[in-house]
Amino acid sequence: MAPGNFTQVTEFILTGVSDRPDLQIPLFFVFLLIYGLTMAGNLGIIILTSVDSQLQTPMYFFLRHLAIINLGDSTVIAPKMLINFLVKKKTTSYYECATQMGGFLVFIVAEVFTLAVMAYDRYVAICNPLLYMVVVSPQICLLLVSLTYLYSFSTAIVVSSCIFSLSYCSSNVINHFFCDIVPLLTLSCSETYLPETIVFISAATNLVLSLVIVLVSYFNIVLSILRMRSSEGRRKAFSTCASHMMAVTVFYGTLLFMYLQPQANYSLDTDKIASVFYTLVIPMLNPMIYSLRNKDVKAALQRFLANSCCSLKPT
């Protein structure tokens, strides 16, 4: 491109989930409901696992951080998305776009490894119950969560810096509802080989490493359950990890659908649908999965509501 034709982009335009004007208001209310349920569910998990004395175990410590991550992930995306349903000019500034991408990467990478850590926690609880409180001590739990956040923050800094070190000129229309990596790379007028390579290596490493931890953990869990002679013991062991298995299946199923589909079948519209699922729908579903199938969480909620009602009664 000749120097005279070069114009550096200072803002981007997001096309959103749909460009049909008649769908903007209905979609606004749909995603407002999803975000409201996400906020209520995850805040509920955070509060219950913080204040209830019966939920002060490693499993609920990790669940609390998963809820924080889900809340952060949806909050990075949803408010801007909801505003854009109501305005005609769906713009986002260059630095706002970079911040949104960085925040999204922090929380999505943290979620990947938090689910892996939770699988390891279930493995120790079922396969080595006598060593559980030693292997997964409060100090180890804090270390694992801290390393997860540190690694996810470092990944977000490296990847975001690579993407926004590129030049963006002429077209500034992002075919997405948030500042995602692939749509931005398609807009760049710079050579994208190095950023694409870094993004691919980072995504592949994160996905494969975390998935290996999850699969190895659950392979050993299944073997351990099958070796149990008591059917009651098998049922109890399975019930302790059923919710996590469901959450892992939904989350990794969505990611694998995105990354393993043939290149010929890839489209940004398909990418949008998958992105809606793992940035907004899964954070809404996780609190339901972990509470509806978990007697401890349901009992903690009942105690919390009972205590709240007692405190509101006039003395």
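Each residue, glycine too, has its Cβ placed from N, Cα and C.
Copied over from TrEMBL:
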TRANSMEM  27-49  transmembrane segment
DOMAIN    41-290  domain 'G-protein coupled receptors family 1 profile'
TRANSMEM  61-83  transmembrane segment
TRANSMEM  104-124  transmembrane segment
TRANSMEM  130-150  transmembrane segment
TRANSMEM  157-178  transmembrane segment
TRANSMEM  198-226  transmembrane segment
TRANSMEM  238-261  transmembrane segment
TRANSMEM  273-292  transmembrane segment
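Among the listed stretches 130-150, 157-178, 198-226, 238-261, 273-292, the one sharing the most Cβ pairs under 8 Å with the transmembrane segment (104-124) is 198-226.
With Cβ pairs under 8 Å as the measure, the transmembrane segment (61-83) is packed most heavily against 273-292, out of 130-150, 157-178, 238-261, 273-292. Packing against the transmembrane segment (273-292) from elsewhere in the chain are residues 17, 31, 34-35, 37-38, 41-42, 44-45, 63, 66-67, 70-71, 73-74, 77-78, 104, 108, 176-178, 180, 243-244, 246-247, 250-251, 254-255, 257-258, 298, 301: each is 6 or more residues past its ends and has a CB under 8 Å from a CB in it. Same-chain residues lying 6+ beyond the ends of the transmembrane segment (198-226) with a Cβ under 8 Å from its Cβ atoms: 109, 112-113, 115-117, 119-120, 122-123, 126-127, 155, 158-159, 162-163, 181, 185, 234, 237-238, 241, 245, 248, 252, 255-256, 259. Here the domain 'G-protein coupled receptors family 1 profile' (41-290) returns a mean pLDDT of 90 for the predicted model.
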